[in-house]
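Per Swiss-Prot, these features apply:
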{"type": "BINDING", "residues": "172, 173, 174, 175, 176, 177, 178, 179", "note": "ATP binding site"}
């Protein structure tokens, strides 16, 4: 972190201005720049190209040094479009990595990768800035407390609980509900959460970013009347941005979150949607830099890049960062190098299933694939652990019996297995839940279900007390009392039809 003089734009001192280079080559978003002998910029230094294009339009492109090629030449990646750049244009070495505004001034605002506001609400106070490239906290600074982070979503809290100050991944293919789930988590957690949140939109749809901004204004997380009282900072580098911006926007969001943790000593929520796009952008840049591709065409530095980002997302003795990251799974293949590399860094994984989504069960969280390091009796307690294990056992048995049911039918099963199937189908439906952010699509009001209520509901299903209720009574309800009330309504409706 550094304190800048009062100014509304980054200052390039006269000393740094003397270190000038010239563009020698432009290959899409990658520039080769020649500097005078002995004045080579460091790796990750920010370079600024200023000038005018052929029609006289002002150009201001920031790049980041990636390679020193020899012969006084460096290769840099542009953070914005390179349209209008020409060979021979002047390039200024700023002498430092890219720095972005941090602190209270960022709350309620939308930024791009360079830390520039893009919400038309005027300039941001840039007296306090921080470089986006930093080392992870030292081992002795880390905090090891274990506590549960309640989300109000039944399937998450029961089967794969989140750790406060931990890293959580939401895995799923295209169109199974990752962004809706992350928006519901923002709605449930950010509203109740006393600290601040930072949202990093990495390579996702601009429309979703706009929807989220509107949602936050409506819910009061962003206070339009008094921006300073807002609880969230938004950083967007969406699908239409060059790969350099998509590769670095996650670091910009993380830098803002680190300031709240280290300097303000707050508990921070960091949402990243989508971490796969960070890897994808790195893959594009890697190819442009001339590196030999690795497995499935990914960059050979995949593990290093992911590690340098993920190791900074951690809890220290000053404060915590709880990170929730959406992870796109290409072709629904969890063994793809991008999701497989991400798995290693997470405390909890919430895996979304296309099979459940096809059945209309939302959130489409797979109860057997989702895992958490927190699901241990010494952390969550015996009652919670036992209930979760019995739910998983029942679901697993139902999965094993599905082939037999498909070939021979339910009637060929033993009495015990038929009972297991009936309870498993009720559990499957009870794991669905109406979301606050999906009220527009479903027409059902959203429900927040506390952990104690969730455990009680599943215990009643497993004990057999609710065997007489129809399974549709458990679909898209909140707690178990709503399911019993829905069953009574269904019974009344069926009698009226007769």
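Backbone N, Cα and C define each Cβ position, glycine as well.
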Other same-chain residues whose Cβ falls within 8 Å of the Cβ centroid of 172, 173, 174, 175, 176, 177, 178, 179, the recorded ATP site, in sequence order: 328, 352, 357
Secondary structure of residue 173 (ATP binding site) (DSSP, helix/strand/coil): coil
Structural state of residue 178 (ATP binding site), classified by DSSP into three states: helix
Greatest C-beta neighbour count within 10 angstroms, which of the binding-site residues 174, 176: 176
Which listed residue (173, 177) has most other Cβ within 10 Å, given these are binding-site residues: 177
Cβ-Cβ neighbours of residue 179 (ATP binding site) (radius 10 Å): 21
Nonlocal neighbours by CB distance (under 8 Å) for residue 172 (ATP binding site), same chain, sequence gap 6 or more: 178, 326, 327, 328, 329, 351, 352, 353, 354, 364
175, 178 as binding-site residues, winner by CB count within 10 A: 178
